[in-house]
Amino acid sequence: MSFHKEDGVNSLCQKALHIVTELCFAGQVEWEKCSGIFPRDRGSQGGSSTDISVSLLAVVVSFCGLALLVVSLFVFWKLCWPCWKSKPVTSNITTLPQSISSAPTEVFETEEKKEIKENEKPAMKAIEPAIKISHTSPDIPAEVQTALKEHLIKHARVQRQITEPTSSSRHNSFRRHLPRQMQVSSVDFSMGTEPVLQRGETTTSIGRIKPELYKQKSVDSEGNQKEDVKICGKLNFTLQYDYENELLVVKIIKALDLPAKDFTGTSDPYVKMYLLPDRKKKFQTRVHRKTLNPLFDETFQFPVAYDQLSNRKLHFSVYDFDRFSRHDMIGEVILDNLFEVSDLSREATVWKDIHCATTESIDLGEIMFSLCYLPTAGRMTLTVIKCRNLKAMDITGSSDPYVKVSLMCEGRRLKKRKTTTKKNTLNPVYNEAIIFDIPPENVDQVSLSIAVMDYDRVGHNEVIGVCRTGLDAEGLGRDHWNEMLAYHRKPITHWHPLLELPGRATSFDSQGSCPSPKPPSTP
């Protein structure tokens, strides 16, 4: 019985203690009444939490202070370091001329700072200042410029490496006939005090715009050229673009006031057309007999896309037909801008002046050939590859072309070779090699004259056009020859335009005197 009573008392005590705990910690009873029951536990909990909060706050404050100190030191170093480092420049400006004789000075200028460092090495015999000036840096103060000029005048020394290849006696005349080659021996490389001053003064003007370099000088030159061109009539034609079929429709109406080419005081004119740069597609009108004001009224169509018209040129050539000789070119009309009159959506009428034909304007065709020279064997090989767009010399509108190559020396023909004849074509293909024996000592004295001939079984053969290559040639002919001499044993190929024969005596007949090339010496 006593045992059961003790268990009941203990359970009642535990329940009472549980109820008191809930009442105290739930806030339903004031804490002052409960402090006698739980004094030690609650106080220890509040003290420990307060200590943890204070220590954590101290750590955070210490870390922030350290970070602030590091940032402050970095900002101070950034702001004060350039000012402190630039102090030697102003202090050494006044003493720069006096310190030159004792130690060499190195001057550097960048986009942000200028430095003068004096090396404490013993003085050398020749003082060579190294100056590096940035084009984008601010202007140098006047004191520094004055000091630098005085220093450069006294001790500047220019070093220039001149590499001039030693020339052999074989190429003396070759170099003498090159007007484009600069004579290195005639150039004055001496540098005195005045060029140094000018160089120092011009460094400050780098980057400035010079209006005199942008003057339009082409206006006057074009006006003078237009005055020199002679007018030999007018040509009337119309232009329209067919958007559905992508065709440029050209209608040649008439020509007025053409010059007389026949003995009777008239001409037999016709017009030939190209849409440049394509020369394969061409059109030609009918020939109108004995008239200076022909009425053509013929329409032609060029297949071309509309977006390509801005890159095309319309070329008209007016010819005088001759039954027994080659046709004479009266003049030409070149329409550089097809949209000059309108957008070609409607038919536009155009009147253009016919410019008289010149030697350069006459389209006789082109020839392609290669040159190759073997100096050890003394052998030159000219390979005639092909021709294109040759002038029609026969009544049928074609030609029977062959190529004749002559080895010339001071106007005298030494040797000649020719290719086979290609029948009824204006674009012959040959691929035939012609070989001449020319020793190295005579290469500078000879040249080659290439003539495209039209074979005629009944009469005499006519010259379609000629071109020349050699040191005495002009333009592409000389450049082709020089390139052959520069690259031995390598075939050099170029297209050459054909020109009218200026005179038979100067190109194919024997004139003057020239020693024949010596045969190559056998080992």
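Placed from the backbone N, Cα and C atoms, the Cβ positions cover glycine too.
Features reported for this protein in Swiss-Prot:
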- D322, S325, D328: Ca(2+) 3 binding site (BINDING)
- D394, D400, D454, D456: Ca(2+) 4 binding site (BINDING)
- 231-352: domain 'C2 1' (DOMAIN)
- 363-496: domain 'C2 2' (DOMAIN)
- T136: phosphothreonine (MOD_RES)
- 13-35: region 'Cysteine motif' (REGION)
- 1-55: topological domain 'Vesicular' (TOPO_DOM)
- 77-523: topological domain 'Cytoplasmic' (TOPO_DOM)
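Annotated features taken from Swiss-Prot, shown on the structure.
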residue	record	Cβ neighbours (10 Å)
D322	Ca(2+) 3 binding site	14
D328	Ca(2+) 3 binding site	17
D394	Ca(2+) 4 binding site	13
D400	Ca(2+) 4 binding site	18
D454	Ca(2+) 4 binding site	20
D456	Ca(2+) 4 binding site	13
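Put simply, D454 (Ca(2+) 4 binding site) is 16 Å from D322 (Ca(2+) 3 binding site) when counted between their Cα atoms. Cα to Cα, D328 (Ca(2+) 3 binding site) and D394 (Ca(2+) 4 binding site) are separated by 13 Å.
Over the topological domain 'Vesicular' (1-55), the average per-residue pLDDT in this prediction is 66. Here the domain 'C2 2' (363-496) is broken down by DSSP into helix, strand and coil counts: 17 helix, 66 strand, 51 coil. Under the three-state DSSP scheme, D328 (Ca(2+) 3 binding site) falls in the strand class. For the Ca(2+) 4 site, the Cβ centre of D394, D400, D454, D456 serves as reference, and the other residues of the chain with Cβ at most 8 Å from it are M393, S399, P401, Y455, N461, E462. Break the domain 'C2 1' (231-352) down by DSSP state and the numbers are 6 helix, 67 strand, 49 coil.
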